[in-house]
Amino acid sequence: MDVGQAVIFLGPPGAGKGTQASRLAQELGFKKLSTGDILRDHVARGTPLGERVRPIMERGDLVPDDLILELIREELAERVIFDGFPRTLAQAEALDRLLSETGTRLLGVVLVEVPEEELVRRILRRAELEGRSDDNEETVRRRLEVYREKTEPLVGYYEARGVLKRVDGLGTPDEVYARIRAALGI
């Protein structure tokens, strides 16, 4: 039986996780699961889930675990890259159980590290270019605060399991991508 494979991308909003996860998925034949993209799609389409999560996302808060896990289970593939999930220890533990149940091997957890002021600059520039109304400076700072509070504990969790790969997120996308491939050994 073929065992599934997974890579998790961690890092604050604006670190370039999505860009790098997309490239890795495309070049290596993985399916990229971006919970943010999936949720924004539901909001845009006005689905029942979208209506439930719209006010949560507008506040810059995290969407509840049960809703996220429901999405993940529906979207799981044999070779998958998680972008923006897990975001909490509870989600990480739930994902561990799900990967175990499905026989999916975790190849590594890539932590893309970028200084905070650079993150704010990147996110505000992206919001301007893409017309993303959920990204204004107040919301960006709130998202970074939520990240520090909820997601940074995952660094220790995955470090203790020996699967964390720290990658400098500064430089050109090609430079960062090369660091990620080297860190994962692929």
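From the backbone N, Cα and C atoms, a Cβ is placed for every residue, glycine too.
Marked as ATP binding site by Swiss-Prot on the basis of sequence analysis: Gly14, Ala15, Gly16, Lys17, Gly18, Thr19, Arg126, Gly171. According to Swiss-Prot, the AMP binding site annotation covers Thr35, Arg40, Asp61, Leu62, Val63, Gly84, Phe85, Pro86, Arg87, Gln91, Arg132, Arg143. The feature region 'NMP' is assigned by Swiss-Prot to 34-63. Annotated region 'LID' per Swiss-Prot: 125-135, in sequence order, evidence recorded as experimental evidence.
A map of Swiss-Prot features onto the structure.
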residue: Ala15; record: ATP binding site; contacts (Cβ under 8 Å, 6+ apart): Val112, Glu113, Val114, Leu119, Gly169
residue: Gly16; record: ATP binding site; contacts (Cβ under 8 Å, 6+ apart): Val112, Val114, Arg122, Gly169, Pro173, Val176
residue: Lys17; record: ATP binding site; contacts (Cβ under 8 Å, 6+ apart): Phe9, Leu10, Gly11, Asp83, Gly84, Val110, Val112
residue: Gly18; record: ATP binding site; contacts (Cβ under 8 Å, 6+ apart): Ser34, Gly36, Asp37, Asp83, Gly84
residue: Thr35; record: AMP binding site; contacts (Cβ under 8 Å, 6+ apart): Val63, Ile68, Leu71, Ile72, Phe82, Asp83, Gly84, Phe85
residue: Arg87; record: AMP binding site; contacts (Cβ under 8 Å, 6+ apart): Leu62, Tyr147, Lys150, Thr151, Leu154
residue: Gly171; record: ATP binding site; contacts (Cβ under 8 Å, 6+ apart): none
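Among Thr35, Arg40, Asp61, Leu62, Val63, Gly84, Phe85, Pro86, Arg87, Gln91, Arg132, Arg143, the residues given in the record as binding AMP, the maximal Cα to Cα distance rounds to 26 Å. Taking every pair among Gly14, Ala15, Gly16, Lys17, Gly18, Thr19, Arg126, Gly171, the residues listed as contacting ATP, the largest Cα to Cα separation comes to 17 Å. Residues of the same chain lying 6 or more positions beyond the ends of the region 'NMP' (34-63) and with a Cβ under 8 Å from any Cβ of it are 18, 21, 71-72, 75, 82-85, 87-88, 134, 139, 142-143, 146, 150. Mapped onto DSSP helix, strand and coil, the region 'NMP' (34-63) counts 23 helix, 1 strand, 6 coil. According to DSSP, Gly171 (ATP binding site) is assigned to coil rather than to any helix or strand.
When other Cβ atoms within 10 Å of the Cβ of Gly14 (ATP binding site) are tallied across all protein chains shown, the result is 26. The closest partner of Arg132 (AMP binding site) among the binding-site residues, by CA position, is Arg126; the full candidate set was Gly14, Thr19, Arg126. Around Asp61 (AMP binding site), the same-chain residues at least 6 positions away in sequence with a Cβ under 8 Å from its Cβ are Val146.
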